[in-house]
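Pulled from Swiss-Prot:
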type    : residues        : note
BINDING : 30, 44, 56, 142 : substrate binding site
BINDING : 66, 71, 103     : Mg(2+) 1 binding site
BINDING : 71              : Mg(2+) 2 binding site
């Protein structure tokens, strides 16, 4: 089955499917699923020797303000394979701006059917402070050595803001 056929979720915006592009703690390689073929491409080798602190992916059939599907960070006990689809629930959003404009990153935890480990996390403020600091630090610096690129982290927002972003981006994609 092509990744293009993966639905956005079971019950938006509370129950979503995230297509993983980059595993947690992986080498500094940015992968992206091509939105036309469904194939996993190497987007670039990151100049900064850093690794993603969480699994990184997107929600299919959504369109964020940067013109791409909504980005999602998924903390898990083990790194996930690129191309894997994981059922999640959103708990927050990291608000960011980069050289292309707004670039929010949702944070979602594995659905309770996959792991009870995250049941107590209802909102971004329930995440470990160290994890939030690692995520913030990563996104503040991962483009530091790329000429003409920059990132400004604008702060964290709650689960309701994440759900609102999912609904808005799903509606945006449906209109396109």
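Glycine is treated like the rest: Cβ placed from N, Cα and C.
Structural mapping of features recorded in Swiss-Prot.
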residue	record	Cβ contacts under 8 Å, 6 or more apart
30	substrate binding site	22, 42, 43, 44, 45, 46
56	substrate binding site	20, 21, 22, 24, 71, 72, 73, 74
66	Mg(2+) 1 binding site	100, 101, 102, 103
142	substrate binding site	46, 48, 50, 151
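For the substrate site, the Cβ centre of 30, 44, 56, 142 serves as reference, and the other residues of the chain with Cβ at most 8 Å from it are 22, 28, 29, 31, 43, 46, 52. Surrounding the centroid of the Cβ atoms of 66, 71, 103, where the record places Mg(2+) 1, the chain contributes additional residues within 8 Å, namely 64, 65, 68, 70, 96, 98, 100, 102, 104, 105.
Counted within 10 Å of its Cβ, the other Cβ atoms near residue 44 (substrate binding site) come to 12, all protein chains included.
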